Ligand SMILES: CC(=O)[C@@H](O)[C@H](O)COP(=O)(O)O
Ligand SMILES: NCC(=O)COP(=O)(O)O
């Protein structure tokens, strides 16, 4: 069954807006797990616009499901992840000033770099996932880096889904089949929501985890966090 990892970046966005500790991010993460989340994901960006490095240090003490830390493997990020020792690190090629993640790795051009960085985490017992698009040549290249998993970047799927679901999901299904054949685990995320999640998890095989944040936290403003998490879980259950 595909696991749901709730990305709590946007709870930190709201907290930072007033400079205090409301909403309490640690309590929110614990409640997400209590409401059924099977993982907690954070993306501490260099400018700490939402998740701060110290949030990661505090969260790692309380997260009892799978803790997944996403980010570009800068020296500071690597040191933070090794200190936090999460279940999983997801390497994302984001430059510092980007509004949000908007591309997967070019694993062909960055093969040497990824081959150097990935053992640092694996030797510390941390599962590695690499944020990727669906290009088969890129999937073959990232399979050579030693990563445990890839995370399929699903913005293209989310954008095209309303127009033509089958066309939107085709490349992802093919990428998942190829990745599985190459011995890679498969995660997915970015812009997944209550409308497009069931079809994606039904059509894409071998999907270990989806990480969802922006739409889920936005839905929770209307539906409540507990109800929202359970509705996302139900979408996955209905697909499998
Ligand atoms: C890698 C990914 O798709 C998400 O972690 C995304 O980067 C969320 O980041 P923001 O919450 O800063 O948009
Ligand atoms: N890896 C994707 C993630 O953690 C959340 O992305 P989004 O749902 O906020 O777009």
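Numbering starts at 1 and runs along the chain as it is shown here.
Cβ atoms are placed via backbone N, Cα and C, with glycine included.
The 3-amino-2-oxopropyl phosphate binding site feature in TrEMBL is assigned to 7, 18, 191, 213, 214. TrEMBL lists 43, 70 with the feature active site, proton acceptor. TrEMBL lists 45, 50, 100 with the feature 1-deoxy-D-xylulose 5-phosphate binding site. According to TrEMBL, the site 'Transition state stabilizer' annotation covers 151. The annotation active site, proton donor is assigned in TrEMBL to 190.
The recorded positions in question are 70, 151, 191, and the one with the fewest Cβ neighbours inside 10 Å is 191.
Here the recorded positions are 18, 45, 50, 190, 214, and the one whose Cβ sees the fewest other Cβ atoms within 10 Å is 18. Around the Cβ of residue 7 (3-amino-2-oxopropyl phosphate binding site), a 10 Å sphere holds 26 further Cβ atoms from the protein chains shown. In this structure, the binding-site residues 100, 213 were compared by how many other Cβ atoms lie within 10 Å of their Cβ, and the smallest count belongs to 100. Other than the site residues 45, 50, 100, same-chain residues with C-beta atoms no more than 8 angstroms from the centre of those residues' C-beta atoms, the 1-deoxy-D-xylulose 5-phosphate site, are 9, 13, 43, 49, 51. For the pair residue 70 (active site, proton acceptor) and residue 43 (active site, proton acceptor), the C-alpha distance works out to 5 angstrom. Here the Cα atom of residue 214 (3-amino-2-oxopropyl phosphate binding site) is found 8 Å from that of the residue listed as 'active site, proton donor'. The 6 Å Cβ screen around ligand 1 retains 70, 190 from the recorded positions 18, 70, 151, 190, 191, ordered by sequence position. Just so you know, the Cβ of residue 43 (active site, proton acceptor) picks up 23 other Cβ atoms within 10 Å once every protein chain is counted.
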